[in-house]
Amino acid sequence: MNVENTSKKPGPLKPIIFVILIYIIGQIVAAMIISTVFNPIIGNNHDLMSVVGSVLLGLSTFILTIYVSFRVFKFKTNEIGLNKYKLGSRLLIGFVLAFICQLIMFIISLALGTAQIQAVGLNIFALIIALVVSMSAGISEEILDRGFFVAALKPTKNLLLILLAPTLFFTIAHIINMVSIGLDLTLSILALTTTFLAGIFLILIVIRTGSLAIAIAWHAGWDFFTTIFGGNLSSLNTGSPLFVVTHIGPDILTGGAYGIEASIIALIVLVILITLFYKFYPKSIHTTENKLMSLEFE
């Protein structure tokens, strides 16, 4: 007698719940540390408080994600995209790609007259802050969204779900930045669209390479070079490490208070980037290092 296998594929509910919990608990932990430790020291310095909060959120998110990945889901490091395969070259590729994207947007803004350089000078303090904030966001968000979340959804074997769920969460998580500065509807839609496109690009990287290396480097580099070229990082004012820039003209071109990420310029650059990467970057060979993360389902 034939017995049918009635076992069901794992559903997405458990991974989604854990991702939401990690994000919420991370916010709570960061807020508690700020209120009890840093608030008496920093006082009413809103910009510095925002920077500290961003770094603490990144750190708490990272720790929670690592704990849940290894202790709850029992993942191996390879399974969440942490491996040494071509690590140096991939980090370099991600960082250089981010630099090129930001440089192109900066040149376009200068050519259109929507950005004007007021001064050029190296600010070491602002440079360190920009680097720390960028690395914090790049590492923590990629390990959560494209590392843990993708690995936890992989057993569903639903490629569309694996593409969209982490990307939508990544996009929705940025809404708090838009609300905090009262961004209008047009810029909010633009900011959400560019964030969604960035999420798609980042998850395509993971699918193609089986690694988080390029994704982390590009994400951190995108944030870092945003500040280098005189912009705000998702409404976060980290100061000007190199270029002091005045942004003038329509918000649709400058991104307004949110920064260049909420501009039509960023949207176009990201569409081109996704197209070129998808067309020209080769699929990774299934090695021992990257096969566990690969989404090439047999």
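All positions are counted from 1 along the displayed chain.
For all residues, glycine too, the Cβ spot is worked out from N, Cα and C.
The annotation transmembrane segment is assigned in TrEMBL to 16-42 (among others).
Taken from TrEMBL, the feature transmembrane segment applies to 48-70 (among others).
Marked as transmembrane segment by TrEMBL: 91-113 (among others). Long-range neighbours of the transmembrane segment (91-113) within the same chain, counting only residues 6 or more positions beyond its ends whose Cβ lies under 8 Å from a Cβ of the stretch, are 205, 213-222, 224-226, 228-230, 247-249, 253-254, 260, 263, 265-266, 269-270, 273.
Annotation source TrEMBL lists transmembrane segment at 119-139 (among others).
When pLDDT is averaged over the domain 'CAAX prenyl protease 2/Lysostaphin resistance protein A-like' (126-225), the result is 93. Residues or ranges marked as domain 'CAAX prenyl protease 2/Lysostaphin resistance protein A-like' by TrEMBL: 126-225.
Per TrEMBL, the feature transmembrane segment maps to 159-179 (among others).
Annotated transmembrane segment per TrEMBL: 185-207 (among others), in sequence order.
Per TrEMBL, transmembrane segment is recorded for 214-236 (among others). Below 8 angstroms of C-beta separation, residues 50-51, 54, 81, 90-99, 101-103, 105-106, 115, 117, 126, 130-131, 133-135, 137-139, 141-143, 146, 174, 177-178, 180-181, 183, 198, 201-203, 205-206, 242-245, 247, 255, 257-261 of the same chain, each at least six residues beyond the ends of the transmembrane segment (214-236), sit close to that stretch.
Residues or ranges marked as transmembrane segment in TrEMBL: 256-278 (among others). Within the same chain, residues 97, 101-102, 104-105, 108-109, 177-178, 181, 183-184, 187-188, 190-191, 193-195, 197-198, 200-201, 204-205, 208, 226, 231-235 sit at least 6 positions outside the transmembrane segment (256-278) and bring their C-beta atoms closer than 8 Å to a C-beta of that stretch.
Most Cβ pairs within less than 8 Å of the transmembrane segment (119-139), among stretches 16-42, 48-70, 159-179, 185-207, belong to 48-70. Here the transmembrane segment (16-42) has long-range neighbours at 48-49, 52-53, 56-57, 59-61, 64-65, 68, 72-73, 144-145, 148-149, 152, 165, 169, 173, meaning same-chain residues at least 6 beyond its ends whose C-beta is under 8 angstroms from one of its own.
Here the domain 'CAAX prenyl protease 2/Lysostaphin resistance protein A-like' (126-225) is broken down by DSSP into helix, strand and coil counts: 90 helix, 0 strand, 10 coil.
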